[in-house]
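Database features (Swiss-Prot):
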REGION    20-50  region 'Disordered'
REGION    154-190  region 'Disordered'
REGION    331-352  region 'Disordered'
TRANSMEM  387-407  transmembrane segment
REGION    387-955  region 'Membrane (anion exchange)'
TRANSMEM  415-435  transmembrane segment
TRANSMEM  472-492  transmembrane segment
TRANSMEM  503-523  transmembrane segment
CARBOHYD  Asn548  N-linked glycosylation site
CARBOHYD  Asn572  N-linked glycosylation site
TRANSMEM  596-616  transmembrane segment
TRANSMEM  637-657  transmembrane segment
TRANSMEM  684-704  transmembrane segment
TRANSMEM  730-750  transmembrane segment
TRANSMEM  785-804  transmembrane segment
TRANSMEM  811-830  transmembrane segment
TRANSMEM  871-891  transmembrane segment
REGION    918-955  region 'Disordered'
CARBOHYD  Asn951  N-linked glycosylation site
Amino acid sequence: MKLPGQEELEAACACENVPVGQLDSGPSSGPCPDDPSDTGSRELGPPEDPPLFLQLNELLGWPQTLEWREMGRWVLFEEKLEVDAGRWSAPHVPTLALPSLQNLRSLLAEGLVLLDCPAQNLLELVEQVTRVESLSPELRGQLQALLLQRPQHHTQTTGSRPCWGPAQSRKAAHNKEAPMQQQCQSPLRQKLPPGAEAGAVLAGELGFLAQPLAAFVRLRDPVWLGPLTEVPLPSRFFCLLLGPPMLGKGYHELGRAAAVLLSDPHFQWSVRRASNLHDLLTALDAFLEEVTVLPPGRWDPTARIPPPRCLPSRHKRPPLHLQKVKGLSVPHRTQAEDRHRNGPLAPSPELQRTGRLFGGLVQDVRRKASWYPSDFSDALHPQCVSAVLYIYLATVTNAITFGGLLGDATDGAQGVLESLLGTAVAGAAFCLMAGQPLTVLSSTGPVLVFERLLFAFCRDYSLDYLPFRLWVGIWVAVFCLALVATEASVLVRYFTRFTEEGFCALISLIFIYDAVGKMLNLAHAYPIQRPGSLAYGCLCQFPGPGGNESQWTRPRPQSRDDLLSVDLGLVNASLLPPHECVQQGGYPRGPGCHTVPDIAFFSLLLFLTSFLFAIALKHMKTSRFFPSVVRKVLSDFSSILAILLGCGLDALLGLAMPKLMVPREFKPTLPGRGWLVPPFGANPWWLSVAAALPALLLSILIFMDQQITAVILNRVEYRLRKGAGFHLDLFCVALLMLLTSVLGLPWYVSATVLSLAHMDSLRRESRACAPGEPHSFLGIREQRLTGLAVFTLTGVSIFLAPVLKFIPMPVLYGIFLYMGVAALSSIQFMKRVQLMLMPAKHQPDLLLLRHVPLSRVHLFTAIQLACLGLLWIIKSTPAAIIFPLMLLGLVGVRKALEWVFSPQELLWLDELMPEEERNVPEKGLEPGHSFSGSDSEDSELMYQPKAPEINISVN
């Protein structure tokens, strides 16, 4: 027997090629192919329980025409039907009156409770719930007919008009033959993951009932109940709340209370496992014990609480009801364990010593070999196209910028061509062989400082720079291979967030400083001209037959102006423009002759436009404008669109803006040298041994730079599935140091900001999410193809000069500023710096401030600021040769902080070092589990201790 409307639904689903038997699997598209665990990250309930869609159908129209109308729905948050406006409200946290919960408990205690009901359709279910002694056969028949009526759903697609409203007629508003195909194509259904189930709550006033009628049913197997719910899902729960007319919104609030109860994951967990009425009431009592009561007069009950940015962890809630249901219990957890709930305290397998020579390298190779085929197949996704375009432009800009700086620092021994070629060769080789192919190799500020010092040393002592540099690179490769052989990479366990944030902040400030500095240099090259200033003038000189530039050499003057010109010999540019001066045989002289005063202003305009536009588009993903698909595209291609906008404005203005300069010929920058560097040149042989001393300092710098970046990229919160490769990465860097030294190319190491930008452009997020729930972070699209494509395009860029020459340099400087600001603003260190400037009453409610006194937080931040300032000063002075030692000194400073801060304070301010982690259980630092209001961990996600604090949002 088919229920009313079931045939229409089957026909509609057949049009979509959706088998009715697959309705219990959610959307026909099935699970997201990007990650089979798409729904696993949702906070809808314990992992073994499917998410539940709940709908409240209210009986309206008594005593005239009775009809069921959908008035509310729940997935994670509540959506109310705005009847007058004809639309759904924004998702919000549901609020209930305490009497409604108490009345609901009384009704359930006296009503009908059916657990594991064997009903297979709506008709059988209705027959079960109406078998009560208080109903006569006539009333039972009327009630069954009423319960079998098709409810009026409010289905509204994006961009369509409301299904009903105050200006529409009742007949049009309540079309009982709504097409079921619209139900199959419901946008809400697309937001529900596979395996989702439904629950229906029916409530209302019924005049022929003398006393309330309550029934709660849990079906043994999820069953499709026809058009009872707007989303065609198999139903698991059914709740009926009917009774005689009463004042107020009694039954409406009772229905909301039942739906809110079922939407609670803990109550739902208990009800799914309840065996009798006592278990059901016990779960309800446990819910009541957790309810927070707001005093009347201090809060507007009609106000809607927006969904929080992040939901509290389920294990933070008291396990009372789990202990009472079937004797189950939840293990006791301390705050120290919760502090590390997203990552184990024990070191990862990549950071455990094997005790064998090159043992860590061998393990990295074995671990990565099994993932190698998927490193290419996982790149077959449109998101990778956006990542390639963005990182390519950022890499090319970085290579050209550092190539120019390197050319200035080495007097042309290396230049832009070597920078582009070296970036392409080293980057592509690293992507093919490395353990973490998401890393972007590039010239970095610290390495550039070392190159400048090394060249100055060779110049002062009349040494051949490139041969001496070759031996430095050889020794660096030897030292790095020794570090790989002895498994020195396990020492990165001592690189805590204190060290990571100091290094990341330094690199970010270098990006910001270089971007602003380039704009100031551009303003100096194209100065702002003010009328009346000396630099504003331009004079035209005319040479005479004897070299006297004051003589007029053209035919005899015929006008008063000509006579004045003959007497002066100099014509002001306002009377004779430079191009006319040349046509007349003169020479324009003066600083203002070839200066366009608008370039500086419009360069600043393009600089700020690209910077602000990239930020605005990146934040578009979380805005309220446009559909989610459009927002995601705009956010993914934010930097590309910002660059295109800058190019469009430049073409529209038509000014001679400085453009991106790419070498047109494939030959070394230094004339007369080949691609292979001679081993000695004019240097004595013993310099090959003496080069070991500067190589030792450079090895420390390379190790710190490479491994700090690797630690940041491989943090637990990024959910990388394929593991890290600390030993293999350092091995590849050592080989590339040898290769680039032999070819006379720049040295390359992991670029922190570019690597994090690469990872952020490959973020994977869940597709199915409840209304009001933000997309959950699923991880990073780990593959090798995007990096390989980026560096291949970088090498081809040498031949793409006709295309790249249209990109204005101020636009690229704006993108550089964007990358630096985004990197700097995303680390917790900057959040704590902001706290130093806020009065205590205006500070956000952070987890950090709940466990650590504010004065201690400020002291920790001040120490970090002092270390950062010292690093910057050393980098900018001739003492920069000891810069690698200062980076290593950050670890020593962090170790010394154990004498200033307690382990519990360091647990929240930073991370514990390996020795401290072993001592945490012994010291008993953390108190027992507390469930007071002050410990409700509801702060923003960015302040969660193990959240991705260093998360560059630059794509």
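Don't overthink the numbers, they just go from 1 along the chain as shown.
Placed from the backbone N, Cα and C atoms, the Cβ positions cover glycine too.
Source: prediction; values computed, not measured.
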Annotated stretches the transmembrane segment (785-804) and the transmembrane segment (684-704) touching (3 or more Cβ pairs under 8 Å):
no
Here the stretch out of 387-407, 637-657, 730-750, 811-830 with the most C-beta pairs under 8 Å to the transmembrane segment (472-492) is 730-750
Taking 3+ C-beta pairs under 8 angstroms (sequence gap of 6 or more) as contact, is the transmembrane segment (387-407) in contact with the transmembrane segment (596-616)?
no
Decide whether the stretches the transmembrane segment (637-657) and the transmembrane segment (684-704) have at least 3 CB pairs under 8 angstroms, with pairs required to be 6 or more apart in sequence.
no
Of the listed stretches (415-435, 730-750, 871-891), which one yields the highest count of Cβ-Cβ distances below 8 Å with the transmembrane segment (503-523)?
871-891
Stretch of maximal Cβ-Cβ contact with the transmembrane segment (415-435) [cut-off: under 8 Å; candidates 596-616, 684-704, 730-750, 811-830, 871-891]:
730-750
Sequence gap of 6 or more, Cβ distance under 8 Å, 3 or more pairs: do the transmembrane segment (871-891) and the transmembrane segment (684-704) meet that?
yes
Please compute the mean pLDDT of the model over the region 'Membrane (anion exchange)' (387-955).
77
What stretch, picked from 596-616, 684-704, 730-750, has the most CB pairs under 8 A with the transmembrane segment (811-830)?
596-616
